[in-house]
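Take a look at the structure set out below.
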Amino acid sequence: MWLLWLALALLALKAATLAVDPQLRLFMGDSASYLHAATTGWIPEDRSWTYGRLLGRLALPFASAWAVLALQSAMGVASALLLFVLLHRKLQVGRRLAAAAALLLALEPAQLLYERMLMAEAAGGLMLALHVVCWAQWLRARHWRWLFAAAVAGVAAVSFRFSLLPVVLGLAVLLPAWVFARAGGARLSRLGGFALALAIPAMLLAAYAAEYGRRVDGPPSLMPAGGMMRLGVVAPLVRAEHFAGTDADGAAVLADVSLPLDDPGAREGHVWSPQGLFAAIGRHSRDAQATAGIVAGRALREDPLALLALARHNAAGYYDPATRAHRVDDDLGIRGPDLRTIDVARARLGVDLEGVEQRASAATRWFRAGVPVLAALLWALPLLVLAAFVVVARRDGDGPRTRIVALLALASLGLIASMLLFAHAPVLRYLHPLPWFALAAGALLVDALVRSRAAGAGSAR
């Protein structure tokens with residue numbers, strides 16, 4: 001009954017926020033690509049194709065922007081309910097405290113903004129939350145159906161937000177390794193269980209890659225534009241000799257690049273700009289993606305530790321005032337949509353988005369106000385989850401709750417590490433999943449404090 005009442009409260013809360021701010025918003029070319037994919041069936045090679053299909057099936061038939069807003073607000077409700085389920089049913093946090101965490105998530109600034117953005121963040125966040133809850137249930141019940149469900153949710157999360165792949169892969173390896181290493185029984189039996197646990201997500205990811213490749217008339221791939229994306233991460237490390245054996249002359253390619261190669265802050269431009277490195281490769285190679293992938297791999301293998309310096313640059317960017325101000329404007333869609341996108345949105349969603357980038361709203365103002373807290377989670381979240389792990393482990397030992405908090409810690413640390421190591425820039429929308437984990441860890445710590453005080457009061461009597 002509590003879950004039903006909480007769902008109704010969350011729906012009412014989302015309805016109220018939509019009444020205050022019903023403005024659909026766009027982000028640069030990403031939203032245009034998603035809208036084009038939804039209306040034509042086109043499959044993008046450099047971002048989610050499943051999100052476009054989702055919009056086409058569940059939102060476009062209503063010919064209203066309200067359908068998009070309602071769909072993504074419902075995703076926000078589901079994410080909040082999953083947080084409640086994790087806290088109350090899996091971690092035995094009190095109902096009121098777990099419900100309070102869910103309600104706070106529903107009002108979290110980044111969550112509210114991305115429910116209004118024609119972007120895949122709300123869908124990806126929901127699938128990541130489901131992925132974690134399924135893993136939590138597997139850690140409690142150790143039934144194979146939950147491992148399969150976790151793998152399905154993980155593939156769905158990756159299909160919406162490719163940046164979640166390192167987290168999904170990390171959990172798929174580390175959690176079964178930990179569980180089967182500590183399990184009883186014959187060694188061969190434990191190794192067999194571990195191998196099967198690895199095989200399930202591996203086969204599902206392979207099937208997804210094959211389907212993606214089929215849809216773009218290419219080889220199996222989790223991201224057909226992966227060469228371009230990997231190149232952007234390591235662009236400052238690229239040298240002419242890394243092109244050896246490809247059909248592109250390295251010296252000629254680098255001479256054709258207008259953006260500074262040694263500036264980590266220019267990496268995003270090396271992916272998307274005509275003056276960048278990938279565009280230059282495209283002018284000198286018959287298969288730019290393949291060449292970019294080869295060059296990126298060689299650059300990283302030659303100096304893998306340089307990735308840490310690039311990650312440090314990303315981390316610093318979240319706290320540099322000028323960089324952060326630029327990133328806030330960027331995430332709010334300060335660059336307006338092109339005329340074609342405006343026309344398509346007007347025809348298929350019944351909304352006029354001309355000048356939307358100049359119109360501030362309650363959600364954009366709330367997001368701006370919340371950015372310092374969101375950025376602070378880069379260092380605060382690891383402290384929260386590690387503190388929660390210590391508190392629960394001291395009380396429960398190697399019990400199911402300890403394992404689930406370890407899951408939260410692994411996922412949280414994996415998210416932060418991947419967004420610092422593998423991002424082209426300190427992009428704020430990559431931080432969108434962090435509040436879900438911060439609220440989970442915070443609720444655990446508050447619950448432990450409440451229980452400790454209650455126990456102390458009881459012993460005093």
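Including glycine, each Cβ sits where the backbone N, Cα and C put it.
Residues or ranges marked as transmembrane segment by TrEMBL: 63-85, 120-139, 146-179, 191-210, 369-392, 404-424, 430-450.
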Long-range Cβ neighbours of the transmembrane segment (430-450) (under 8 Å; 6 or more residues past either end): 79, 83, 86-87, 91, 93-94, 97-98, 100-101, 104-105, 108, 110-111, 114, 121, 124-125, 128-129, 163-164, 374-375, 377-378, 380-381, 384-385, 387-388, 391-392, 395, 405, 408, 411-412, 415-416, 419, 423
Within-chain partners of the transmembrane segment (191-210) [C-beta distance under 8 Å, separation at least 6 from its ends]: 144, 147-148, 150-152, 154-155, 158-159, 168-169, 172-173, 176-177, 180, 183, 220-222
Contact set, same chain, for the transmembrane segment (120-139): CB under 8 Å, 6 or more residues outside the stretch: 34, 47-48, 51, 54, 72, 75-76, 78-79, 82-83, 85-86, 90-91, 110-111, 114, 146-147, 149-150, 153-154, 156-157, 160-161, 164, 167-168, 171, 175, 179, 400, 403-404, 407-408, 411, 429, 432-433, 436
